[in-house]
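Participant: Quick one: the structure is below, and I'll ask about it shortly.
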Amino acid sequence: MEALAQEVHEKVIVADGAPETGPQGGVDADNGPAVTGATAKKKKKNKKPAAESAPIESVILQENDASKDPEADGEDEDDDEGDEVAGSAVTSTAAKKKKKKKNNKKKKKTQTEPPTIPISVLFPSKIYPEGELCDYRDDNLWRVTSEEKRALERQNFDQYNDARRAAEVHRQVRQYAQRSIKPGMTMIEICEMIENGTRNLVEAKGFESGIAFPTGCSLNHCAAHYTPNTGDKTVIQYGDVCKIDFGVHVNGTIIDSAFTLTFDPVYDNLLAAVKDATNTGVREAGIDVRLGEIGAAIQEVIESYEVEIGGKTYQVKPIRGLTGHSIERYQIHGEKAVPIVNNGDPTKMEEGEYYAIETFGSTGRGIVRYDMETSHYGRAIDIPKTPIRLPRARALFETINREFGTLAFCRRYLDRLGEDKYLLALKSLCDSGHVSDYPPLVDVKGSFTAQYEHTFVLRPTRKEVLSRGDDY
Ligand SMILES: [Co+2]
């Protein structure tokens with residue numbers, strides 16, 4: 001999710017702290033210096049993520065009749081390999097037969113279609129799979145073997161494990177979405193598919209686990225912050241470019257990851273540009289790396305692509321106002337913004353930080369403005385001291401605080417809580433600074449925008465790309 005500022009906290013309704021200093025929300029203001037002459041070394045290609053389209057094993061099921069088998073073991077695959085090695089090679093055929101039998105009896109615990117089985121059931125050990133591990137470079141490579149850093153990591157295990165659980169939910173839900181979203185579905189159906197999948201797999205429960213922010217499904221020239229409000233009849237079309245951007249949290253540790261969904265292959269190069277750019281940003285990131293340098297690397301990659309649509313060729317442009325961001329607990333948008341152009345920001349990434357790197361490419365101007373009806377909101381991190389006068393607004397604020405704390409929400413999330421006719425109250429909370437609104441961000445009409453996004457953590461010894469999957 002792009003540019004939303006939130007903070008922790010469940011119960012606190014107290015008015016504490018100063019009014020929020022402009023959330024880097026919405027448009028991350030201007031990212032400073034222009035897109036000056038990106039040095040044109042084409043790097044391209046050689047960094048294709050492995051196994052582009054292999055479906056992740058735990059999601060593939062059916063024949064296993066997973067839904068009726070909450071007892072089976074989700075990690076059988078590994079066990080089998082162990083058996084194979086242990087057993088004698090000579091008897092391998094017999095062994096295989098036996099194993100097969102055993103497997104059938106035991107049955108694998110696998111996900112249903114649509115996904116309904118909680119990740120904690122699929123991983124009875126409650127230890128969730130690590131993301132992609134990347135060693136730091138050069139001056140920081142020593143970290144991987146440092147006893148001190150490794151000890152520090154062991155202390156952080158629980159939070160990593162929470163993040164990995166959220167990431168596994170994200171992968172399973174998004175891969176189901178990739179398989180099943182088809183032209184003709186309404187945007188509301190798409191969002192509910194993703195949101196219900198998330199709630200089920202993460203076992204949504206108050207602030208312990210759940211949806212981290214509204215499901216973005218911005219279309220075409222709209223780059224970010226669109227999700228349908230109740231009554232929205234928009235239907236996804238064959239020619240649409242849809243950015244699916246959703247978030248999962250466990251104990252406030254958020255996975256923020258997005259991909260672009262298209263049906264027409266004419267957009268393939270646009271998507272390739274942005275996928276490559278996001279992977280570049282993720283690869284360049286590390287402890288002590290400057291944010292501006294990451295932006296420069298991203299910009300160079302995006303601009304090295306062209307896409308031909310309707311007989312016209314476009315050089316893909318980065319959308320300069322949109323950025324990646326650091327992530328804090330219960331707060332999707334931390335202090336630091338990761339630009340997607342070279343803005344010269346000398347701020348460094350630091351040990352222990354969580355980041356979402358997201359990049360946006362456009363066939364339009366590469367500049368966004370606000371447009372259309374607002375759906376996304378978030379409580380101010382620092383609640384203004386000024387009292388809320390309107391009783392209706394005060395009540396709504398209590399609901400927001402109780403249900404979402406500093407996690408972003410949308411109108412549909414209020415609707416499902418039974419809130420009704422709240423728009424005036426919500427508007428007054430925005431005016432008083434208790435809540436921020438995040439209207440959709442659009443490039444010029446007729447243009448197409450794409451996005452990919454990953455969440456990683458700068459662990460003391462290595463970088464872990466938590467949201468990495470076989471899909472992207
Ligand atoms: Co984001």
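Here the Cβ of each residue, glycine as well, is placed from N, Cα and C on the backbone.
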Participant: From the candidates Asp256, Asp443, give the one listed by TrEMBL for the same divalent metal cation 1 site as Asp245, Glu453.
Facilitator: Asp256
Participant: According to TrEMBL, Asp256, Glu358, Glu453 bind divalent metal cation 2; which one of His221, His325 is listed for that same site?
Facilitator: His325
Participant: Hey, of His225, Asp256, His333, Glu453, which of those binding-site residues are within 10 Å of Glu358 (divalent metal cation 2 binding site), Cα to Cα?
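Facilitator: Candidates kept after distance check: Asp256, Glu453.
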Participant: Could you check which of the binding-site residues His225, His325, His333 is the closest Cα neighbour of Glu453 (divalent metal cation 1 binding site)?
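Facilitator: Nearest listed residue in space: His325.
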Participant: Around His325 (divalent metal cation 2 binding site), which of the listed binding-site residues (His225, Asp245, His333) come within 10 Å, judging by Cα atoms?
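Facilitator: For His325 (divalent metal cation 2 binding site), the binding-site residues whose Cα atoms are within 10 Å come to His333.
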Participant: Around the C-beta of Glu453 (divalent metal cation 1 binding site), how many further C-beta atoms are within 10 angstroms, looking at every protein chain?
Facilitator: 27
Participant: With DSSP assignments reduced to helix, strand and coil, which class does Glu358 (divalent metal cation 2 binding site) get?
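Facilitator: The three-state answer is strand.
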